[in-house]
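Annotated in TrEMBL:
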DOMAIN    94-513  domain 'Major facilitator superfamily (MFS) profile'
TRANSMEM  90-110  transmembrane segment
TRANSMEM  130-148  transmembrane segment
TRANSMEM  160-183  transmembrane segment
TRANSMEM  189-206  transmembrane segment
TRANSMEM  218-239  transmembrane segment
TRANSMEM  245-263  transmembrane segment
TRANSMEM  323-342  transmembrane segment
TRANSMEM  362-382  transmembrane segment
TRANSMEM  389-411  transmembrane segment
TRANSMEM  423-448  transmembrane segment
TRANSMEM  460-479  transmembrane segment
TRANSMEM  485-505  transmembrane segment
Amino acid sequence: MLVLDYKTLMLIDKFIDNSVQLCLSSKVVLNCSSLRNKKVKLVERMEEEEEAITRSLLLKQKLDSNHQWSSTSDHGGMQLSESSSTTTSIVVLSTLVAVCGSFTFGSAVGYSSPSESGIEDELGLTLAEYSIFGSILTIGGMLGAIFSGKIADFIGRKGAMGVSEIFCILGWLAIVFSTDVWWLDLGRFLVGCGIGVLSYVVPVYISEITSKNVRGAFTSLSELMIGCGKALTFLIGSLVNWRTVALIAIIPCLVHLLGLLFIPESPRWLAKCGRLKEFEAMLQILRGENADISQEAADIIEYIENLRWISEDGALHLFQGKYAYSVMVAVGLMAFQEFGGLNGFSFYTSSIFELAGFSSMIGIIAAAVVQILMTTLGVLLIDKCGRRPLLMISTAGTCLGCVLTGFSFFLQDLQIGKEVIPILVLIGVLVYLGSFELGMGGIPWIIMSEIFPINIKSSAGSLVTLVNWMCSWVVSYAFNYLFEWSSAGTFFIFAVICGMGIIFINKLIPETKGRTLEEIQASFTHIQQ
């Protein structure tokens, strides 16, 4: 049987279209219906070819799960699609450089909580003005998210990270030298634009350069560095002036910019751009000088070439049936991540402790330590336990943390148990933040970077990141007002949302551990076919 590739099929399709149009325009008496029938059969053939591609990738996944090493014999052999199971030093270096952007992200998120009293006292901000300052970071994040995918596709993953850090540096400088609320908000907005792009491109870059056996752990380092950035900013902000904290926050931006000069570009992005020689060179560097990359390179190129003829990159294609499940999973995870109360706990940690009568200094230090420890635990477990179990445990823990925190403020409203309320609030906040960092903090970003085919990754990534920042803005802006309305009710609302998140994860989130990106993307598309 003759097997035609997609390029040939598309050329035949175009020829038939032109032939039919020629028949109609010249009014030649021909039986054009036969040509139309041939086109219908051709379209059916193309759909069968696409289905065959998906089935072959799923079969490869099943075979790989049964053969964890390459085996050869006189009757043939089997090779894993990943060229090497070892992790090279350049992959480690590239990941460490990339997650400097995550540290920048964490510094920006953790800045507002310890700086609140200093900024309000020095610049005379009202509650409403500080709420705007806290939430305008997310507005900048939304704008960055809208263009994140296109920027990363146009100038590459490295270029996108570099542009992001320039925005962050300009923003921090504006905060350092601000004399009124306008400069303060402008600086916060610019930082938001920068981290809006970083929140997309960092996990995508790491997922595209690592092999499947370490992809989850390495991508989780992004969340670990976000936690370290928040924790260190918490601690420094408790000790020094808010302007000094902003000046110190520029340091990781500069480290990231310098580090980008010494790491390779994403091979998958190079392959998508048709730069095949550079693609093979970068893949060889990442996998090691003596590694055999032929099978992995062939799989990546074949998959990308096939996708070129299936559909083009564009926002409207996201709503096709075959991509609907992927979009629903990614958007749903981002919505539950933010509406579960993250920015309420992160941005206003000191306010929560002070209202409960607990030392904000001790509370912030304890929160920082717990976040780092639990994020580290998540990094160690993600490629052993898988994404789905950690997500379930994490979401259940955040629900419990919200219930404990809400219950403590409920007791405070009733003026009961004044002795235990501070300790109960501390436990609730630590349970929430620790549980969040274990899974819900980083895994949604990992799954987002894994499930979208490269032909829609920029549009889908921008959409998902935009949804995340929109939800983040809603929570960060509304939290102060909700807290004034009912401190207990606010956390009970978050608890209900976290409970809904448990159901969502249980019903809809599959496991992606131990599979190549091409296998994961094929399986998600296959569900809709």
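Each Cβ is built from the backbone N, Cα and C atoms, and glycine gets one as well.
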> List, by number or range, the same-chain residues at least 6 past the transmembrane segment (160-183) whose CB is under 8 A from its CB atoms?
Replying inline: 98, 101, 104, 108, 123, 125, 129, 133, 140, 144, 148, 151-152, 189-195, 197-198, 201-202, 205, 243, 246-247, 249-250, 253-254, 256-257, 260
> Near the transmembrane segment (362-382), which residues from the same chain, at least 6 beyond its ends, have a CB less than 8 A from one of its CBs?
Replying inline: 113-114, 216-217, 220-221, 223-224, 226-228, 230-232, 234-235, 238, 349-350, 352-353, 390, 394, 426, 429-430, 433-435, 437-439, 441-443, 446, 513
>> Short question: most Cβ pairs under 8 Å with the transmembrane segment (389-411), which of 130-148, 323-342, 485-505?
In response: 485-505
> Average pLDDT across the domain 'Major facilitator superfamily (MFS) profile' (94-513)?
Replying inline: 89
> Based on Cβ pairs under 8 Å, which of the stretches 90-110, 423-448, 460-479, 485-505 lies most in contact with the transmembrane segment (245-263)?
Replying inline: 90-110
> So which of 90-110, 130-148, 189-206 is most in touch with the transmembrane segment (460-479), counting Cβ pairs under 8 Å?
Replying inline: 130-148
>> Take the C-beta pairs under 8 A between the transmembrane segment (189-206) and each of 90-110, 130-148, 218-239, 423-448, 485-505. Which stretch has the highest count?
In response: 130-148
> Of the listed stretches (130-148, 218-239, 485-505), which one yields the highest count of Cβ-Cβ distances below 8 Å with the transmembrane segment (90-110)?
Replying inline: 218-239
